[in-house]
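Features as listed in Swiss-Prot:
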type     : residues : note
SIGNAL   : 1-19     : signal peptide
CARBOHYD : Asn21    : N-linked glycosylation site
CARBOHYD : Asn56    : N-linked glycosylation site
CARBOHYD : Asn196   : N-linked glycosylation site
CARBOHYD : Asn209   : N-linked glycosylation site
CARBOHYD : Asn227   : N-linked glycosylation site
CARBOHYD : Asn234   : N-linked glycosylation site
CARBOHYD : Asn241   : N-linked glycosylation site
CARBOHYD : Asn267   : N-linked glycosylation site
CARBOHYD : Asn279   : N-linked glycosylation site
CARBOHYD : Asn304   : N-linked glycosylation site
CARBOHYD : Asn328   : N-linked glycosylation site
COMPBIAS : 361-401  : compositional bias 'Low complexity'
CARBOHYD : Asn389   : N-linked glycosylation site
LIPID    : Gly406   : GPI-anchor amidated glycine
Amino acid sequence: MQFKNALTATAILSASALAANSSTSIPSSCSIGTSATATAQADLDKISGCSTIVGNLTITGDLGSAALASIQEIDGSLTIFNSSSLSSFSADSIKKITGDLNMQELIILTSASFGSLQEVDSINMVTLPAISTFSTDLQNANNIIVSDTTLESVEGFSTLKKVNVFNINNNRYLNSFQSSLESVSDSLQFSSNGDNTTLAFDNLVWANNITLRDVNSISFGSLQTVNASLGFINNTLPSLNLTQLSKVGQSLSIVSNDELSKAAFSNLTTVGGGFIIANNTQLKVIDGFNKVQTVGGAIEFTGNFSTLDLSSLKSVRGGAKFDSSSSNFSCNALKKLQSNGAIQGDSFVCKNGATSTSVKLSSTSTESSKSSATSSASSSGDASNAQANVSASASSSSSSSKKSKGAAPELVPATSFMGVVAAVAVALL
């Protein structure tokens, strides 16, 4: 073979070792060594008689179009990158890639066809500014990353049932996706795609982390548990309906969703870390969290809401801040919650458009914190205002963030206002 990296004796030995580990008997001509690089279609034609190749294959260089014929399995990875003249690629016989499928920096590639591909470890599609179609028959994959492409559809991933990572970001023509995913063991992210992105994950039962940004509509018809963090940030969602969700293991953030007018989490009972709802300008009535009983970190609600129903809340292990610009909002129920010792953190603040209550809580005694509330009102007010300024800055900064910032973080439960502010700041990165 006239691969750019010719097979040396060492490579042949490596190929033999790989072939020995394969479940299929591989002719020596189909073992390409630990890795090999093809720079022309003629290189690929020399392995066209193989049903399986062993080794990591890289395709790069000045190819106008390229195809892998007859090959059904790659026992290794396939990488196609940095080819300024490659306009199309097809490998419609491949059913399995044991390693990764990487497609990167292919500036005029318009189509990529893997019509029979059912199994791969990871797919990474990054910086494909001309691609419009990508086809597979994918059934099993661990990680999917699609970033900075012109894909109008990612339906090639619609039949997947479970993944570790599913990250779709910065694809400006992608406006919809309907998924069959049932579980996500690491992170699910959709961010900075088309202006009116509509998503449906109605088979998803559990996920470790979920972060959605710049989404117009979302459906989670079956979601019951999020093990770590759940975040809805900078979306144009008119409503959120997660009526099957019962537990968020760490942080829950609903921040800077300007069109959001209704949030229904009618079965949610537990938030293990920080719980923040902030800067959702149309969310005037917050009554969809009335079954929440425990918050493992701090809680902060900031906005223009007139109604807040947290009637089942029994325990907040961090501080609490409720700040509404509406003069119709009443702090009475929340002050009763605080006086009963349910707020276990270092501060309690409740404000509306007309009045403000600020109490510095003792970390050692609920009773002493009550008795010191009056004498320390002035100093605690100053401290609370300082914390409010920091928190407001963290919340408002999210409104200008329209880029994907990587996998959703697993946040440590916050134990104070500063903790929840730090948690949200990390979530917004």
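Glycine too: its Cβ is placed from the backbone N, Cα and C atoms.
When the glycosylation sites Asn56, Asn227, Asn234, Asn279, Asn304 are compared by Cα distance to Asn267 (N-linked glycosylation site), the shortest distance belongs to Asn227. Ranking the glycosylation sites Asn56, Asn196, Asn209, Asn279, Asn304 by the distance of their Cα atoms from the Cα of Asn227 (N-linked glycosylation site) places Asn209 first. Of the listed glycosylation sites, namely Asn209, Asn234, Asn279, Asn328, the sparsest Cβ surroundings within 10 Å are found at Asn328. Of all the glycosylation sites in the record (Asn209, Asn241, Asn304), the one with the smallest CA separation from Asn196 (N-linked glycosylation site) is Asn241. Separation of the C-alpha atoms of Asn279 (N-linked glycosylation site) and Asn304 (N-linked glycosylation site): 8 Å, rounded to the nearest whole number. There are 15 other Cβ atoms within 10 Å of the Cβ belonging to Asn304 (N-linked glycosylation site). Distance noted between the C-alpha atoms of Asn328 (N-linked glycosylation site) and Asn304 (N-linked glycosylation site) is 10 Å. Sequence-distant neighbours of Asn56 (N-linked glycosylation site) (same chain, 6+ apart, CB under 8 A from its CB) are Thr34, Ser35, Ala36, Gly76, Ser77, Leu78, Thr79, Gly99. Asn241 (N-linked glycosylation site) and Asn234 (N-linked glycosylation site) have their C-alpha atoms 17 Å apart, to the nearest angstrom.
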